[in-house]
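The next block holds one structure in the form of structure tokens; read it before the comments.
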Amino acid sequence: MADLLRHRGPALVLTGAGMSTESGIPDYRGPDGSRRVTPMSHQEFTASGDNRQRYWARSFIGWQRFTAAEPNVGHRAVTALQRAGAFGHVITQNVDGLHQRAGTGDVTELHGSLEEVVCLTCGERADRDLVQAFMADANPGFATAVLGHVPDGSQVSSQIRPDGDIVLPDEAVRAFTAPRCLVCRADTLKPDVVFFGGSVPKERVDLCFALTDAAPILVVLGSSLKVMSGYRFVRRAAAHGIPIVVITKGPTRGDAETTHRIDAPLGVTLSALAADFSHAQTA
Ligand SMILES: [Zn+2]
């Protein structure tokens, strides 16, 4: 892979949830590709105020843990490889902002970012931190009351999901005051991310297709490619005869299109690759 990057780089990079598991944010899927938990879908979120109340109650608790997550060695290696010229633009399916916090530039967040909230009624935008502060004011004692009350008896912090969601009992959810839009007062605030069943904005898809068309190599990190929103770029690259390198644990939907495949943990693998490049540069 180092040889390929040296001769053909900088590669376009596509990253998935596996990139952040070493930061303590678990994947929705296990290494066998099966779904471990079902996230709230776009259709559920938009269908009812009760569902949005459930989402925000869980997300209010999950946010603290989510924002405490730090970039891992894999994220830092991506930054090093980008600075060494091996990696170019990074398209991520993650909404955790950890690539940027690790210093990686040219990041496109395919599924948006949890840092921003948008009103589905009037389009007003707000920082998530502001919405979090509103929820804290409107729900004094909520976090303390629900801690230790998750269904399996474990700490809430162990229940965090990739989108910042957590598991909460129904009675706790019903007591929660969900946030409202500061402009139109509707209860239709939504994190500005693409939920399962939602669609990526067309201009963002077009940008990523253009990046794929121009890429000398596509490197996929930590994704089983089960979701079409990422897999379509692999298919596009394959159609153009662009070499595709995949580093992830377990099988992927793109195995047939993949040129080189490394079934290994990302942190140690990317660190070794970054070390190889730093040696080459100083040699
Ligand atoms: Zn509004």
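The first residue you see is number 1, and the count goes up from there.
Every residue, even glycine, has its Cβ placed from backbone N, Cα and C.
Here is what TrEMBL records for this protein:
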- His111: active site, proton acceptor (ACT_SITE)
- Cys119, Cys122, Cys181, Cys184: Zn(2+) binding site (BINDING)
- 1-283: domain 'Deacetylase sirtuin-type' (DOMAIN)
- 15-37: region 'Disordered' (REGION)
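Secondary structure at Cys184 (Zn(2+) binding site), taken from DSSP and collapsed to helix, strand or coil, is coil. A straight line from the CA of Cys181 (Zn(2+) binding site) to the CA of His111 (active site, proton acceptor) spans 22 Å. The Zn(2+) site is set by Cys119, Cys122, Cys181, Cys184; from the centre of their CB atoms, other residues of the chain with a CB within 8 Å are Leu120, Thr121, Gly123, Glu124, Leu182, Val183, Arg185, Ala186, Thr188, Leu189.
DSSP classifies the residue listed as 'active site, proton acceptor' as coil under the three-state reduction. For His111 (active site, proton acceptor), the nearest neighbour among the listed binding-site residues (Cys119, Cys122, Cys184), judged by C-alpha distance, is Cys119.
On its own chain, Cys184 (Zn(2+) binding site) has Cys119, Thr121, Cys122, Glu124 as residues at least 6 apart in sequence with a Cβ closer than 8 Å to its own Cβ.
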